[in-house]
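The next block holds one structure in the form of structure tokens; read it before the comments.
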Amino acid sequence: MASKAPRPPEAIAAIATAPGRGGIGVVRVSGAGLTGFAQQLCGREPQPRLATLARFRDADGATIDEGILLYFPAPASFTGEDVLELQGHGGPVVMQMLLARCLALGARLAEPGEFTRRAFLNGKLDLAQAEAVADLIEASTAAAARSALRSLSGQFSEEVLRIRDALIDLRMLVEATIDFPEEEVEFLDKGRALPRLAAIRTQLDALLDRARQGALLRTGMNVVLVGRPNVGKSSLLNQLAGEDRAIVTDVAGTTRDALREAIQIEGIPLHVIDTAGLRQTSDVVERIGIERTWREVERADVVLRVIDSEGAEEDALEAELAARCPSAAARITVVNKIDLLGLAPERTETAGAVRLRLSARSGDGVDLLRTELLRAAGWHAHGEDVVLARERHLLALREALDHLAAAEAAASALELFAEELRLAQEALAGITGEFSADDLLGEIFSRFCIGK
């Protein structure tokens, strides 16, 4: 019995531009054989890759809108299928009418990320590049956008594939030595295998470091300001933000709730959180604010404990901070109001404990704090080498490194050595999507915009 021909992909459609009003709105359609679709919609056959002025018509022939029709025939399109882009006036009613007409012609509403998923399934993008599409859209800083664009262009994937290919070459020689022990030719000995393995580990370590920097660009850090009332936390937030975001008064307890401000330092997004001053109080509202302060501390990446240069330090508060802070969080003590004592800005470090002297009022020493925040984040600029990475990429790179370390330990047993190389290769393949479970793909693409 002859096998059935594969069913052509059903057409999908979605509004590709952001909701709201604008000069231009775009409806995107992807599927098979869209020339007939365009003829019914516009009354003419579309010309490939040519911007054509067209009238978009409803089922009765009435004009919905007049705009630009673009047609990209398969496989030379974003999705690898026939793609139509209908550029009309960007009003929400017009866009909905145009989308409804596309659905009436047989397309179905695209799921989130379905256009990009089809591009991945049709080999137009690998999985890391597909994720970079969403990361570029969501980038909150120029540095993050540039890094996402490098990943989208394939730079991250190419480096992963280079390391994977080096692993394959080494595996090939190891397995040939195992499979053909009777051959007079020695394919590989331990003395040559370990230097090659060390070179691969060095490349992978460097890529992981750059990927960590990229992950920082993508997610940023939570920086929480804590301390007693009226020590200058809100003034410090305003200095970091470069504008007056928090109310500053001489009245203790002015800040009752957490105030969040997004700032950038060298392209790194920081989420700085000013909190209610920590003290014993009978005020119900203030107590709620203090409870929220501790909740913010418990999920902080960096805790800035602000103290007054004229005030006494309190061991009890320091002990509670130590108990409540996440173990991985950095803690920095900021001695504020040095202008009142005529002191100079300064950074000191004793047994790993960092202490900064500054004035939030004048701004003296705040640059020391900015530098310290970058240091706490582990940021060291790589210029144009940073690639935007996700947590799953970091996990895969670490897993591959763990297998390479295990391979080195098992170098005397070639079968175990080869197996660890295979597992390292498999971990890297998960980054680009060579080996990816359907549920992982569904999770990744479900986070995209509808029109992507």
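Heads up, residue numbers simply count up from 1 along the chain you see.
Positions of Cβ are set from backbone N, Cα and C atoms, glycine also.
Listed features, source Swiss-Prot:
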- Arg28, Glu85, Lys124, Lys452: (6S)-5-formyl-5,6,7,8-tetrahydrofolate binding site (BINDING)
- 230-235, 249-255, 274-277, 359-361: GTP binding site (BINDING)
- Asn230, Thr249, Val251, Thr254: K(+) binding site (BINDING)
- Ser234, Thr255: Mg(2+) binding site (BINDING)
- 220-378: domain 'TrmE-type G' (DOMAIN)
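Secondary structure at Arg28 ((6S)-5-formyl-5,6,7,8-tetrahydrofolate binding site), taken from DSSP and collapsed to helix, strand or coil, is strand. Its own atom aside, the Cβ of Lys233 (GTP binding site) has 30 Cβ atoms within 10 angstroms in the protein chains shown.
Distance noted between the C-alpha atoms of Glu85 ((6S)-5-formyl-5,6,7,8-tetrahydrofolate binding site) and Lys233 (GTP binding site) is 51 Å. The subset of binding-site residues (Arg28, Lys124, Ser234) lying with their Cα within 10 Å of the Cα of Ala360 (GTP binding site) consists of Ser234, given in sequence order. Note on the domain 'TrmE-type G' (220-378): its mean pLDDT in the predicted model is 85. Fewest Cβ neighbours within 10 Å among the binding-site residues Asn230, Ser234: this applies to Asn230.
When each of the binding-site residues Arg28, Lys124 is scored by how many other Cβ atoms sit within 10 Å of its Cβ, Lys124 comes out lowest.
According to DSSP, Lys233 (GTP binding site) is assigned to a helical segment.
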